[in-house]
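What TrEMBL says about this one:
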- C:12-35: transmembrane segment (TRANSMEM)
- C:55-79: transmembrane segment (TRANSMEM)
- C:91-109: transmembrane segment (TRANSMEM)
- C:115-135: transmembrane segment (TRANSMEM)
- C:147-165: transmembrane segment (TRANSMEM)
- C:198-221: transmembrane segment (TRANSMEM)
- C:242-263: transmembrane segment (TRANSMEM)
- C:283-312: transmembrane segment (TRANSMEM)
- C:324-343: transmembrane segment (TRANSMEM)
Amino acid sequence: MTQTPVLELIGISKRFGDTQANDDISISLDKGEVVALLGENGAGKTTLMSILFGHYTPDSGVVKVAGVELPQGKPRAAINAGVGMVHQHFSLSANLTVLENVMTGTERLFRLGSNTRAGRKKLMEISERFGLKVDPDARVGDLSVGEQQRVEILKALYNDAQILILDEPTAVLTNIEAEKLYATLREMAAKGLSLIFISHKLHEVLAAADRVVVLRGGKAVAERKAKDTDRAELAELMVGRRVARPVREASTPGAVVLSARGVSVGTKLTDLDFELRAGEMLGIIGVSGNGQTTLAHLVSGLVAPDDGTFEVFGEPVTRASVTAMIEKGVGRIPEDRNAEGAIGDMTIWENAVLERVFSSRFSKAGLVDRQAARTFSSQLVERFDVRGGDPDKRIRLLSGGNMQKLILGRNLMDDPKILIAAQPTRGLDEGAIAAVHARILQARKAGAAVLLISEDLDEVISLADRIQAIAGGRLSPPVDADKADPRQLGLMMAGDWDDVEPAHAH
Amino acid sequence: MDVIEIFASAGLWGAVLRIATPLIFGTLGALLCERSGVLNLGIEGIMTFGAMIGWLTVYSGGDLWTGIMAAAFFGALFGLLHAVLTVPLGLSQHVTGLGITLFASSLSYYIFRLSVPLASSPPTITPFQPIFIPGLSDLPFFGPALFSQTAPTYLGIALALGLAYVIFRTPLGLAIRMTGENPHGAEAQGVNPIAVRIGAVMAGSALMGVGGAFLTLSAFNSFFPTMVQGRGWVCIALVVFASWRPGRALLGALLFAFFDAFQLRLQNVIGAIPYQIFLMFPYLLSIAALVVMARRARVPQALMQPYRRGER
Amino acid sequence: MRIERRPHRPLSLIVLSPIIAIAAALAVSGGLIAIAGANPFVAYGLILRGAFGSILGFTEMLTRATPLILTGLAAAVAFRAKVWNIGGEGQFYIGAIAVAAFASGSWIAGWPPVLVIPMAMAAGAIAGMAMLLVPLGLRLKFGVDEVVTSLLLNFVALLFVSMMIEGPLRDPLAFGWPSSVPVVDAATLPKLIERTRVHIGLIVAIGLAFAIYFIQARTVFGLQSRAAGLNAPAARFAGVPWVRTLVIVACMSGGLAGLAGAIEVMGVRGYVASDLSPGYGYSGIIVAMLANLHPIGVIAAALFAAIMFVGSDSMSRALGIPSYIADVTVALSLLTMLVSLFFTQYRIVR
């Protein structure tokens, strides 16, 4: 074939400070083709797409659309050339309507009036043609996540995009919604659009793409036709070595240490039932935004139940108290490291002891015992292999994986009886994930009861003994992890669990 | 005179429009800044500077409209300073704004003192005169109540309607709103959020300057330090009260001015209460408005959040 | 060109930033002085001579620095925990009027100073605390930004003080502008140096700066309040009693500003009038920022502001440059300090 590719990235390099985010990457895309860009967090996928779209200027390299070079650093130029970007974090405004979101920036700024009639007509046509139905006058904040993504795609199509870039498009979707999305994308390719999507999920890449480009450490390390490769090969290419995630061994659960019967919290959680035994792990799977945050806050002592019975070691909890939870021996890993887990501008030792500083171990008569605190954090850094963990350094300087090791460590140092792990591996690379999993399994083996709240299906299936799904603030009955299949869990995550046969705690 | 008579006096209603005018300009200015995502606490100082420079322009021989233009120009200049510090550099909008207020007010006193020697009574200029509108201004009651204002007052009312149109009906307004709600979204659509914010803050600050100039060029005829008397802060409260909508900002300013004019007249009726209680009223009213609206108002989502490319 | 966070904050830059900021502010003000037709170097020389050239000038500068240290600490303590107390001016006046009310009657006249002085100071501090607890309460209860409410309350406080000194607390013997009854002798602070105005309030202010430094650096409360200011959700997750911490911070901050007013009455004026403060509350914010919110730095920053204020008075008499130039310089140094602090955290690349 001698046809000019619709899009070419040639020799793109970009450096941020000490990291080479992109190193001489070249990729091409043909008309009607779907290319997947596969790589771990930090492999350089998002940087590359930001360069393509003009958010960043590359240190070297060019972007060509239909053989014509794009000026650098001008999003508007990319849009005009027919490149549309669908962002992972939607670039939408919740307070504006669908039509307003779509029309922003599409008319000359200093026009005296906006031609909303023409805009509405065009939007309806596109939405008709590609089967992406939305109400143009709905406030975006009132739409579901799936609908918001539709708006995000419509926005690109409204700009007459011929090339669509999708950044982790299924990150916030249930697997059923994701399957629908990929069907839509294939259909769009069949109608002549060309697509690149970014993902780190192997099965998606294999199912939806024609061609897969693997990025690792800022380099394009391999390129495969989707039909000529398999999961194992892609996994190894992506990670660069064989990394086996640890899997749970059988255990004998002990007494019930944590239980909820009919627990409700505001409008976020409704009528929850679960129980957790010593030495077992209960996995809570669900799509982001279905009440996980409140659930994590409930078991971490930040909110109290409004209704129902919530018991820790058989004692009912009626008042929210973090310190009471910590004193009872509950270790807590917050779902967002940077927002709740660490205070970036405080030192590592301060972060290590902050939640236990009230205890006589780290303070006397209201004064912080810095000696004890520093010793504790040095031991922690040593035992949990926190790279670059000088106690007097600000924690901001640690990588995500090492920060998570520190957070894990400060909870595991004292062998907690209960461990709450909310999204413990979110945003980590494969090596760090394996390390975190090993630590959590270790705690379970040592007799801790573990509550694992996660969006990662593979993670929950391989670690948890029993699994409950959370949807719309309600919990499904538990199923045995051994008997669970992804299809069934997918239905449960969508809130459909009437046919589920509950597992009985042993 | 009793309370009923106060309502029936045309003077009250004339005063309402007069008192409201600087608040209308100031509130619209603050609203425009905030719609793009920037809180501008420089308003108090910018109004002071506008009052001074407007007056000084006329005092040194310029005409009244040149005074208004000068106030707008220097307002925009202080807006540029605030915008450069808070938008590309992303400094704290609270602290920067206060710094602008302290800088702009002390600079106005300095320039005023430098240009006008200390005298027992401050020098005066000839301010704007009420516009006579044939047919309307000589109506009984309504004439003096509504149609005996100076030109800037009518301009302020027209401006509120014009700004509402710009914000809700034009591509530029949409770009401003998007920038204040989600600058990343604006950037993704090819709108430069930094340029939009700098522009909005400059334009908004120009309006603040004009609001200040009204004080010296229409409401009074001289300049004296501390004459703005917290009106800027009241405007900041009115923006919240107005839920970031220009039309409601106009209503809010009028309502506020009504209470202010009313309490001034009430002082004469009720002699036993110290006048300071009445003077506290506007500030307490602003606080009450904030309390009532704080949770109800639909705040621009990116207000006070600095935008840096590629950083979320 | 892009702005990038520095991986390390060089200590030299942090230490130098206030000096760079002040130099930049002086440079701009120098331009304004030159426009007014005077030689800026001569003017700055006269300012320094005004503040250091005579015992009188020097002690006057220290007297002026005393309330600035206290209002500076008030802002520094609050800002560190992200409690935006802009109401220092109002708290200052409320503290002052509380002392005038408390320590002026004949009932207290016979009491010994060792009792009256601490009690009067406490009265001022408590009044200041109460004044700040209102906006903090509105923030915690209704989500109202305390910046605007504490600003608006400044005007309310001033009107309240005006009402008091024209009403119940009016001094019937005073001529001209209304002023409050004077405080009793037992509530008057002893002078540090005879026949000057500098009083032991200066020692109290410096002592408090060190005490606050100790609290912030060494105590559990210090660690927790810093955590609350830097990252509220993480502090709450770690079990920091968030509301309690903010309330204590507000009490410290409002108390310090109230104390500043009390001490100014007890040490300098002897009574309250509506010109008691030339904006000490607002200048305190600048002092705190110049000190990068460090309590010991507040002392140095307050001295800088005091030098400018006192020195410019005598410079103004000699050169005819309005003494407002001091306010301009000090306000500018806040803006330049913000910029130079920015460059300790970020750098511009390419």
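Using the three backbone atoms N, Cα and C, a Cβ is placed for every residue, glycine included.
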Stretch in C:12-35, C:91-109, C:115-135, C:283-312 most in contact with the transmembrane segment (C:198-221), if contact is a CB pair under 8 A: C:283-312
Ranked first among C:12-35, C:55-79, C:115-135, C:147-165, C:283-312 for CB pairs under 8 angstroms with the transmembrane segment (C:242-263): C:115-135
Criterion met for the transmembrane segment (C:324-343) and the transmembrane segment (C:91-109) (at least three Cβ pairs under 8 Å): no
Result, the transmembrane segment (C:12-35) in contact with the transmembrane segment (C:115-135) (3+ CB pairs under 8 Å): no
Long-range Cβ neighbours of the transmembrane segment (C:283-312) (under 8 Å; 6 or more residues past either end): 14, 17-18, 21-22, 46-52, 57, 60-62, 64-65, 68-77, 79-80, 86, 88, 205-206, 209-210, 212-213, 216, 257, 260, 321, 323, 325-327, 329-331, 333-334, 337-338, 341
